[in-house]
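Novice: Submitted below is the structure of interest, expressed as structure tokens.
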Amino acid sequence: MHLSEITHPNQLHGLSVAQLEQIGHQIREKHLQTVAATGGHLGPGLGVVELTLALYQTLDLDRDKVVWDVGHQAYPHKLLTGRYHNFHTLRQKDGIAGYLKRTENRFDHFGAGHASTSISAALGMALARDAQGEDYRCVAVIGDGSLTGGMALEAINHAGHLPKTRLLVVLNDNDMSISPNVGALSRYLNKIRVSEPMQLLTDGLTQGMQQIPFVGGAITQGFEPVKEGMKRLSYSKIGAVFEELGFTYMGPVDGHNLEELIATFREAHKHTGPVLVHVATTKGKGYPYAEEDQVGYHAQNPFDLATGKAKPASKPKPPSYSKVFGQTLTTLAKSDRRIVGITAAMATGTGLDILQKALPKQYIDVGIAEQHAVVLAAGMACDGMRPVVAIYSTFLQRAFDQVIHDVCIQKLPVFFCLDRAGIVGADGPTHQGMYDIAYLRLIPNMVLMAPKDEAELQRMLVTGIEYDGPIAMRFPRGNGIGVPLPEEGWESLPIGKAEQLRQGDDLLMLAYGSMVYPALQTAELLNEHGISATVINARFAKPLDEELIVPLARQIGKVVTFEEGCLPGGFGSAIMESLQAHDLQVPVLPIGVPDLLVEHASPDESKQELGLTPRQMADRILEKFGSRQRIGAASA
């Protein structure tokens, strides 16, 4: 049987180990070819090929349910559930999603994108099953990185108190999340995976037996079960931890040995209470470049499969916002020992790896623990430090209560730097940074700012570190505009003060962050049609520069706002609230992301679909304010 013939995972039933190994080879081949062409998550899926095959051979997936944590390791799952023939559309607009989606396939039982949710979801399904008198298996597959998240531990604590609830947790232990895992639990798991004294003892005994004349080989072969028993004795400590929490513990199991995996899963399915199967895997298995660089090959842009190198860009690009952030923060930290960068398992993605290498004592990685990261920062701020929490916009949502309760109520100088704010592209709705303006703007004592380009980001970094209270800066994914970047001597910005970039009499255009340059381009298009616009770089969404904005709105009488975020509660809402508070009744056109989920596509495709290109925005402005001539029609 070929992988291309599999449309239902139950087709794996009855296949021999040799046949499964052949399908596993085909999965890796298709996985590598596709990600090399489209980009996507590489290492996670390559590491769970055998795990997926063995698990699915022992389940009846017409009835049983598997929940994959995060979802970036679920490409083999997708290939075994009827998506082989359109897998080439992975992460493309209207194609296969990079994560799990309930609406995409009936075997995607729970959507995901953020970490540590799988055990809670699978336990919920198990409790629903029992409440309705049904009979099927519920399985959560979770990585050791996700297990550092508090929600996963909360779910384990709950499940362990339900001895009659049948639940299987498969711990995919590859000693990695995106970056190397941190924390006591991860260190403990790693001790269990590689117990050096026990390894040396068993290897030494094996070598000694092999040297016995005539019978050494036979004795060595007979010693193998004893050797495995000695190793498992060294593993018993971690098992004791889970057993004390109410789980039956099985493992560690070689995550690339199909026979051992199948036997273990079959045994696990016999239990009637919560079971944890500990599977040791290698991230990037089967592709040498990914095995050697597990951080770099966690996710990849399109690359050359033969060399493992990224495909060259058509022309040199400016540095990314993340890189400018990391370099600038590191420079500032060298002269200010109060500065400490904090990340939640995203050092490379946020640019904090630059700080980590240069000033490791001023860098903290808390693991996948956003709530802890925020309160840790609050505690450090209490005692004189200047913590900088570098985090993706979408992940700060997970610590919303802590931002309010532990930072803003106490007016502590914690600086939130929100990477991937706005449209992020192929990762889809779980990762779009749409909501931070709205959910942070409503909190008292919080200051919000966003740079128009990478040079202004440098100045805002200084501003945030100097500010004696809660403050947040959002910036987009990807490369900067390409403006000159001073290497030092950055000046702070006055809090709540905007910048006028263009003078005009017909229209007031107020732009925030990444939408400033598109607003300027829109103004140029409107100027070709006889409409002159004043363009303001707002810089701050809270507080607004009302001394500048309100008189201009009163004078000009027509207002357009621009933001790369959700319109409900966002920057445009802030402007309208301000104008209303000043009893100013002028027409306002808010431009941004409407009340919908932005699906996976390239950023340019998403902006086109949302009407956020300069030409589309100019057309909307002409339509709103009375011109019948459209930009597109006029220039056709």
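Using N, Cα and C of the backbone, Cβ positions are placed for all residues, glycine too.
What Swiss-Prot records for this protein is below:
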- H72, G113, H114, A115, G145, S146, N174, Y287, E370: thiamine diphosphate binding site (BINDING)
- D144, N174: Mg(2+) binding site (BINDING)
Novice: For E370 (thiamine diphosphate binding site) and D144 (Mg(2+) binding site), what Cα-Cα distance in Å is obtained after rounding to a whole number?
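Specialist: Rounded to the nearest whole number, the Cα-Cα distance is 16 Å.
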Novice: Counting other Cβ atoms within 10 Å, pick out the least crowded of the binding-site residues H72, H114.
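Specialist: Ranked by other Cβ atoms within 10 Å, the binding-site residues H72, H114 bottom out at H114.
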Novice: Across all chains shown, how many C-beta atoms besides its own are within 10 angstroms of the C-beta of E370 (thiamine diphosphate binding site)?
Specialist: 29
Novice: Measure from the Cβ of G145 (thiamine diphosphate binding site) and count the other Cβ atoms within 10 Å, all protein chains considered.
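Specialist: Excluding its own Cβ, the number within 10 Å is 30.
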Novice: Tell me the Cα distance separating D144 (Mg(2+) binding site) from N174 (thiamine diphosphate binding site), rounded to the nearest angstrom.
Specialist: 7
Novice: Validating a neighbour-count step here. Other CB atoms within 10 A of the CB of D144 (Mg(2+) binding site): how many?
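Specialist: A count of 23.
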Novice: I'd like the number of other C-beta atoms within 10 A of the C-beta of N174 (thiamine diphosphate binding site), please.
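Specialist: Excluding its own Cβ, N174 (thiamine diphosphate binding site) sees 24 Cβ atoms within 10 Å.
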Novice: Return one of helix, strand or coil for E370 (thiamine diphosphate binding site), based on DSSP.
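Specialist: For E370 (thiamine diphosphate binding site) - judged by DSSP and reduced to three states - the answer is helix.
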Novice: How far is it from D144 (Mg(2+) binding site) to H72 (thiamine diphosphate binding site), counting Cα to Cα, in Å?
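Specialist: Between the alpha carbons of D144 (Mg(2+) binding site) and H72 (thiamine diphosphate binding site) there are 14 Å.
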